[in-house]
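**Q** The structure follows.
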């Protein structure tokens, strides 16, 4: 009888441990757990190795999984991306340009980003992408071609004849010195061919990520307001309260969707 009771206790303990590891069939796992090829949540190689569907997947050797299987791919799901771009009108040029796959491909060319990004950072980034492009409607700045973004005093990245350096891509890369520095970093001739940003969606997202890593990520720990200032400081201090409030609304929305707290210091 005592042996039977002991067996029952051990069995119940096993069930408790099992339920702690396997949260639900077909996944919906916590952020730190992998969804296995069979649709269960866990953290061992059986879950995070071969066939891993989402979460912090890794190859059988213990390294991060290929594009789409790592943390950035598990956060920026197709459903999350579609929830944004589907709000753009049917006639928007960006609707047939920007894709979730092009973002993931671009992100994986920045391993320091792809392997360390958090849900709050994605909420921050896509709030700005949404605002800058109108839910991925616009590839280029409205009336941008009529505006002069050539700093003739910048001799390191001189303007090419007949080329315009107006806003393009998800972060609206602007000015010759930004096109020049970005192109140099990405090994692309963006100074001579700025139109590459508006003709190749992966290049477009790569330019956004370049600007992000150099100008925005360093201030993330200061709050969302600091990222607004990094992208368009003219909106701050009452410069354009409507734009600031719109960015904050998007940010709060995406934090809610991704299950993270927005944190303090949202405005600038």
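Every residue number used here counts from 1 along the chain in the order it is shown.
Glycine is treated like the rest: Cβ placed from N, Cα and C.
Residues or ranges marked as signal peptide by Swiss-Prot on the basis of sequence analysis: 1-24. The domain 'Chitin-binding type-1' annotation in Swiss-Prot covers 25-59. The annotation disulfide bond is assigned in Swiss-Prot to 27-35, 29-41, 34-48, 52-57, 92-137, 150-159, 236-268 on the grounds of sequence analysis. Annotation source Swiss-Prot lists region 'Catalytic' at 71-268. According to Swiss-Prot, the feature active site, proton donor maps to 132, an assignment based on similarity to another entry. Per Swiss-Prot, the feature N-linked glycosylation site maps to 265.
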**Q** Taking Cα atoms as reference points, which of the disulfide-bonded residues 150, 159, 236 is nearest to the residue listed as 'N-linked glycosylation site'?
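**A** Minimum Cα distance from the residue listed as 'N-linked glycosylation site' across 150, 159, 236 lands on 236.
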**Q** Between the Cα atoms of residue 236 (disulfide bond) and the residue listed as 'active site, proton donor', what distance do you get, rounded to the nearest Å?
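**A** Checking the Cα atoms of residue 236 (disulfide bond) and the residue listed as 'active site, proton donor' gives a distance of 15 Å.
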**Q** Give the number of CB atoms, excluding that of residue 92 (disulfide bond) itself, located within 10 Å of its CB.
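**A** There are 19 such Cβ atoms around residue 92 (disulfide bond).
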**Q** I need the least crowded one of these disulfide-bonded residues (150, 268), counting other C-beta atoms within 10 angstroms of each C-beta.
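**A** Least crowded of the disulfide-bonded residues 150, 268, by Cβ count within 10 Å, is 150.
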**Q** What whole-number Å value do you get for the CA-CA distance of residue 137 (disulfide bond) and residue 150 (disulfide bond)?
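**A** The Cα atom of residue 137 (disulfide bond) is 25 Å away from the Cα atom of residue 150 (disulfide bond).
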**Q** What is the number of other Cβ atoms found within 10 Å of the Cβ of residue 137 (disulfide bond)?
**A** 18
**Q** Would you mind reading off the Cα separation of the residue listed as 'active site, proton donor' from residue 159 (disulfide bond), to the nearest angstrom?
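**A** Here the two Cα atoms lie 24 Å apart.
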**Q** Return the member of 41, 150, 268 nearest to residue 92 (disulfide bond) in space, with distance defined Cα to Cα and candidates limited to these disulfide-bonded residues.
**A** 150
**Q** Could you find out if DSSP has residue 41 (disulfide bond) as helix, strand or coil?
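**A** DSSP call for residue 41 (disulfide bond): strand.
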